[in-house]
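Asks: What Swiss-Prot records for this protein is below:
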BINDING   CYS253, CYS264, CYS267, CYS269  [2Fe-2S] cluster binding site
BINDING   CYS314, CYS317, CYS325, CYS328  [4Fe-4S] cluster binding site
COMPBIAS  105-114  compositional bias 'Polar residues'
COMPBIAS  167-186  compositional bias 'Polar residues'
REGION    1-151  region 'N-terminal SAM-like domain'
REGION    93-118  region 'Disordered'
REGION    152-243  region 'Linker'
REGION    157-186  region 'Disordered'
REGION    253-269  region 'Fe-S binding site A'
REGION    314-328  region 'Fe-S binding site B'
MOTIF     314-317  motif 'Cx2C motif 1'
MOTIF     325-328  motif 'Cx2C motif 2'
Amino acid sequence: MATTGRVLLLSPPSLSSHPEKLNAILKSHTRDKTDLQMLDRLAHGLVSLPESTYDIVLLLTGADNTLAETHSLLNRELIQRVVHSLRPAGKLRNRENKPWGLSDGNGSNANSSRRYNDDEQRFRNEVILAGLVFDDKGELLKPDIGAQQAIPLKLSRRRKEKEKTDTLASSANYSTNGTVGAPSSNGISAPIPAAKTTENNPVPPGVGFIDFSDDFGVPAEDDPQDSDEELIDEDELLDEDDMGRQIVQPPECRPKPGKRRRACKDCSCGLSQKLEAKDKAKRATADKALETMKLGSSELAEVDFTVQGKVGSCGNCSLGDAFRCDGCPYIGLPAFKPGEEVRLLNNDVQL
């Protein structure tokens, strides 16, 4: 089967054990324009296909001369890669070059009435989802989207000028006394009484006005059309029983075990306000506890160790805090020998 353009042969792995069949297939194609790839290597990602390269992709049959093995290996990702390797207007064919018989199922093809297995049905759905379509011959074709061009529609200049002239003439022929001038055969304009205009439509022909009565800027009391409508008070829609009814918390707002309850961003069940009030109460309690721990200037006792001759009354100042009295000036200092000089360096006691 001689073909023009670049051809990609997709072979199932079972065909590799029959080199005589594979060589016979390769002899029917031009070798410099034909590429051969194994479906199992493509499925495992060991090789890749170039995009928009091949005019025809040919699915080869397996060792049993059926496409069952080929269909089982063609998954969704692999089919999309095969479709991307096709050029626009490229075709996906089988080895026998027979119509797929899956285009419409109306009996036009010989194979359209048979029952397909799961792999064939899945293959049909996947190739359609990948972007292939059936042509008139029942072959799978990649549509050429670039060939479709949008043609802008433009009104002719003469038509625009004619419409403008007709509008101006209609406005000019309308007179103030309610008559319309109609040209006669002798060129003299004869007055023709115009149709009586009603109060609902006092608009001359060919002239349009915009009705702003439906705008939101018109107050309700000034709009005669909406004056009879009854206004509903939102507060009357809920009674006391509805206001006192317990709020049902949605499942998504319920906290999971071991986690703190959190409100949604657009919370409408009251959880956000409840958590905010609880946080404020905790913060106020903590601030109040801190205030009780603060000492005033009159409550602070300053111990001056530089004053000479200042000794404790118990005589146990050098033994440590365990032996010192409550008013001992050496509280907080380590034990020392009587008469030893005590120095402070960087707020640390140096004995």
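Using N, Cα and C of the backbone, Cβ positions are placed for all residues, glycine too.
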Asks: Could you tell me the C-alpha distance between CYS317 ([4Fe-4S] cluster binding site) and CYS269 ([2Fe-2S] cluster binding site) in angstrom, no decimals?
Replies: 66
Asks: Please report the Cα separation of CYS325 ([4Fe-4S] cluster binding site) and CYS269 ([2Fe-2S] cluster binding site) in Å, rounded to an integer.
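Replies: So the Cα of CYS269 ([2Fe-2S] cluster binding site) lies 61 Å away from that of CYS325 ([4Fe-4S] cluster binding site).
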Asks: Tell me, how many other CB atoms lie within 10 A of the CB of CYS267 ([2Fe-2S] cluster binding site), whichever protein chain they belong to?
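Replies: So the Cβ neighbour count for CYS267 ([2Fe-2S] cluster binding site) comes to 15.
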Asks: Could you tell me which of these binding-site residues, CYS264, CYS269, CYS317, CYS325, CYS328, has the greatest number of Cβ atoms within 10 Å of its own Cβ?
Replies: CYS317
Asks: Cα of CYS264 ([2Fe-2S] cluster binding site) to Cα of CYS328 ([4Fe-4S] cluster binding site): how many Å, rounded?
Replies: 59
Asks: Could you give me the DSSP helix, strand and coil counts for the motif 'Cx2C motif 2' (325-328)?
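Replies: Per-class counts: 0 helix, 0 strand, 4 coil.
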Asks: Looking at the region 'N-terminal SAM-like domain' (1-151) alone, can you tell me the average pLDDT?
Replies: 80
Asks: Cα-Cα, whole number of Å: CYS269 ([2Fe-2S] cluster binding site) versus CYS328 ([4Fe-4S] cluster binding site)?
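Replies: Just about 62 Å between their Cα atoms.
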